[in-house]
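Visitor: I'd like to ask you about the structure that follows.
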């Protein structure tokens, strides 16, 4: 395999010498001789690659060739850049600094001669070791030819890998839907067995999605961080409307304690299914599980190679162990992938190939992953001869008869997976090895990956009939997906592969091969020792999740070509001198905090750089020397918004190779950037007329993605003339922030036939006719358009539209009509800020696939369409509308699961029997006019979560809710005692959350089976413990600003099941805990209670207590030797919190 990678490098060097031949004037003879030597060298490499496994001497020769070729490429490419850029201001001085590498033309001639001699010597050595000369094909066919040759091995759906799993899925779904006895289910078995596939089928099963109102999927991995796992779970469980960048940032900034508290509360109040995929150790589960409350609303599915993850003594736990596929099922799976046909009559399997296939799948040991990879590999081989060769390779490796299902199964499967790598063409080997940069279970952005590949010239778009880098990257990912080596699916809105990742076992192969080839050096915590510096010999270096990186101290490898940081948060860049890294092609400093906010001017010395990313980095000043980087194809300056004022010099016009450019969102107004020369751009983000001229866009005819801010005064004619010729656009966003542009009566006409996503925030009183809209449009967002005519008759004819958002002031009319059969593909409709809209008519069969409807701040809308609101709606949010009583219309929607009503104006709300048959969650917020709510028997039979906020005139809850498990009440000051929870109602209620109620209900009005109670902002005068401690099943209590008295007592025998108690911001002075109170308490948190004189003496009798978190002011008293240490000395963990 190394031979093929070296052959790839040889071809790159050949290309350099051929394409830049005119620059080698004066050394033409030496160049011609070197090219001849390279041709001869290529003819030996294939046989050398085959023999390196059995000969250490041949292996040494291959490694020496790699060094020769890479060194030659570094020197000759620097020479080429010297010739190209030597006359550019600032470059001549820099090139002189490279005299140690490329001094002058005479010495370059001597160097080329030296390289030729080294090649001659290594060829002679290989011949003496028995390596033979062979005729080889070109290393890479043009993309178009390969596309014609590629056999389409997969159907459009992904059922090809779904063999013999139906019964397992059915059984597992039963544990989550029908069985209440099991709260935790694990799927365990060896890698590649299909555990994740099985879990995914359960996670997406219709019965499961109907059962739970919240779902979260988190990949844990071998080297996970607890904080990251909790962040991902919280991100999945948060309500959809909160999924903003601000919310994401808030979650990322949470401490572990805050995350644990948020998740604990969220899981107590919801019916959730959490999947933790790929847990490695029992200890990992032990540190994750504190977020799970003792209540029964949640369920957990684990996958692991370790059967002892959860203690089997837990009666709520069940372990499911799938078996390897039997021979017949193995053959069925293999056949679906290696011979993908819809009709058996279309294709007859060659008898010899069938026998060879049956023989080879024996080595897969019934592992689905190994079978799929083998099938994908053989699907690319067309002849019996190819199949025989692969069969012999497998057989020769597995000596000693290791072919039995149970005989060294892992070794057999690992070799099958390794062989799939060996069978890749050389360009795909490089692509695959690049995936070793990323941590386990990391979602890799395919767009970034494509530009990494292009920057290292793994592919060169100029070879492929004008294809853009993103297109070529998609083709390569598709080939790896087809071979079952990479996991990814095309996004339905963009038709592209947006993210990808590796199966665990394929990642092990990837890391192993990358290590064998010295392809990449991986480190997680950058050491600054000379010992580390001396060990970094790879030409690629990646830091995973660093906290600090000092370039000068941590990196000392002048041959380094790629430096990449992979992180989920910000990190400190202590030093940014790149003077020793002048051969870098790729530099990714995502989310770096640069010292002083300045990018060092020495960045301009990296003249080989093709990829530079400062995405979300904290930097305010970009140096003028950036203009030296003439070879950049990717430049991301979308820096952190915390950098309010950013200086970018006008040096970008010389970067004529740029394909991707993201500018800062905020640039100093005085800065003017000339961009007209960047005609090869494929993506341009954050273009602003404040800093650039619209006319610069005219020549960027290759653009696929364009986002524009119109700030300076402009005209529609200028805009149309500037972007009208960009016919390949797929995504366009135009935001008018003060251009005072006014459109003509006919609206804006864009002839973008490939456009899929369009966002317009500008004045546009008329829409173009539907024939002028791109026919492939899938996503449309309109805002501030002030459309005078109903937009629906035009928009509903966009046959591919899946998401439509009519934002603030997008329509100024009164009536909208959605016609019969209109919007045939629409799945999500959002309407907000339409001040004059008052009438909405929906005809039968309109929007037949609509799932989500959001209407916000449309105060004149009095009612919803009575008859033909799409019946498949599953989620509806209505806020700040003039609707008086939408319930009669909504309760007929038989698939509705989530309903949120906020700031409506009705006085009475009646839910009739049989209505809302599938509703799981109901949120009523700020219904100021609501005085009475009636729920008839049989209404909302599946409702398990009810949230009521600031419904000030509503005095009590209605009867009913037989399945309700979570009740959340906020600001119910006027409710009568006893009306919060009526005795005998809500028999399954286990979580109660009350905020701002001046009086605590009597104990007879609390359901006796409550397990969780949160009291917030109540300031009740009487001791709440007197009532709460009598709730025999209570396991979690949280009191926040909920007691205004001075003394609280927990009586002996009280709180018999309590496990967690949290008390914050209470003015109490004395707390007494009698012996025998809270005998099962394991976690106690006391925060910001400044008047509490001392912790109760009774804590020393709570032997179950494992975790105590208190204010730092208690540290002296509770530490060893302190006066109250005796109260807490038995507690394993005592933390002092701010």
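Cβ atoms are placed via backbone N, Cα and C, with glycine included.
The annotation domain 'NB-ARC' is assigned in Swiss-Prot to 166-422 on the grounds of sequence analysis. The ATP binding site feature in Swiss-Prot is assigned to 189, 190, 191, 192, 193, 194, 195, 196. Residues or ranges marked as repeat 'LRR 1' by Swiss-Prot: 544-565. The repeat 'LRR 2' annotation in Swiss-Prot covers 566-581 and rests on sequence analysis. Taken from Swiss-Prot, the feature repeat 'LRR 3' covers 582-606, and the record attributes it to sequence analysis. Residues or ranges marked as repeat 'LRR 4' by Swiss-Prot: 607-631. Residues or ranges marked as repeat 'LRR 10' by Swiss-Prot on the basis of sequence analysis: 775-797. Marked as repeat 'LRR 11' by Swiss-Prot: 798-825. Swiss-Prot lists 847-871 with the feature repeat 'LRR 12'. Annotation comment: Swiss-Prot describes 873-893 as repeat 'LRR 13'. Residues or ranges marked as repeat 'LRR 14' in Swiss-Prot (evidence: sequence analysis): 894-918. Residues annotated as repeat 'LRR 15' in Swiss-Prot: 940-963. The annotation repeat 'LRR 16' is assigned in Swiss-Prot to 1028-1050. Per Swiss-Prot, repeat 'LRR 19' is recorded for 1115-1138.
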Visitor: If the ATP site is taken as the center of the Cβ atoms of 189, 190, 191, 192, 193, 194, 195, 196, which further residues of that chain fall within 8 Å of it by their Cβ?
Guide: 303, 305, 322, 367, 368, 369
Visitor: Given the binding-site residues 189, 192, which one is most crowded in terms of C-beta atoms within 10 angstroms?
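Guide: For the binding-site residues 189, 192, the Cβ with the most other Cβ atoms within 10 Å is 192.
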Visitor: Please classify the secondary structure at residue 195 (ATP binding site) using three-state DSSP.
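Guide: Once the DSSP labels are grouped into three classes, residue 195 (ATP binding site) ends up as helix.
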Visitor: Return yes if the repeat 'LRR 3' (582-606) and the repeat 'LRR 1' (544-565) have at least 3 CB pairs under 8 Å (sequence gap of 6 or more), otherwise no.
Guide: yes
Visitor: Go through 190, 195, the listed binding-site residues, and name the one with the sparsest Cβ surroundings, counting other Cβ atoms within 10 Å.
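Guide: Per-residue Cβ counts within 10 Å for the binding-site residues 190, 195 bottom out at 190.
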Visitor: Per DSSP, residue 189 (ATP binding site) is which: helix, strand or coil?
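Guide: Once the DSSP labels are grouped into three classes, residue 189 (ATP binding site) ends up as coil.
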Visitor: Looking only at 191, 194, which of these binding-site residues has the biggest number of Cβ atoms within 10 Å around its Cβ?
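Guide: Of the binding-site residues 191, 194, the highest Cβ count within 10 Å belongs to 194.
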Visitor: Which residues in the same chain, at least 6 apart in sequence, have a Cβ under 8 Å from the Cβ of residue 193 (ATP binding site)?
Guide: 322, 324, 367, 368, 369
Visitor: With DSSP as the reference, give the number of residues of the repeat 'LRR 10' (775-797) in helix, strand and coil.
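Guide: DSSP classes over the repeat 'LRR 10' (775-797) add up to 4 helix, 6 strand, 13 coil.
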Visitor: Determine how many residues of the repeat 'LRR 16' (1028-1050) DSSP places in helix, in strand and in coil.
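Guide: Result for the repeat 'LRR 16' (1028-1050), in helix, strand, coil order: 1 helix, 10 strand, 12 coil.
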Visitor: Can you count helix, strand and coil residues in the repeat 'LRR 12' (847-871) using DSSP?
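Guide: Tallied per class, the repeat 'LRR 12' (847-871) gives 0 helix, 7 strand, 18 coil.
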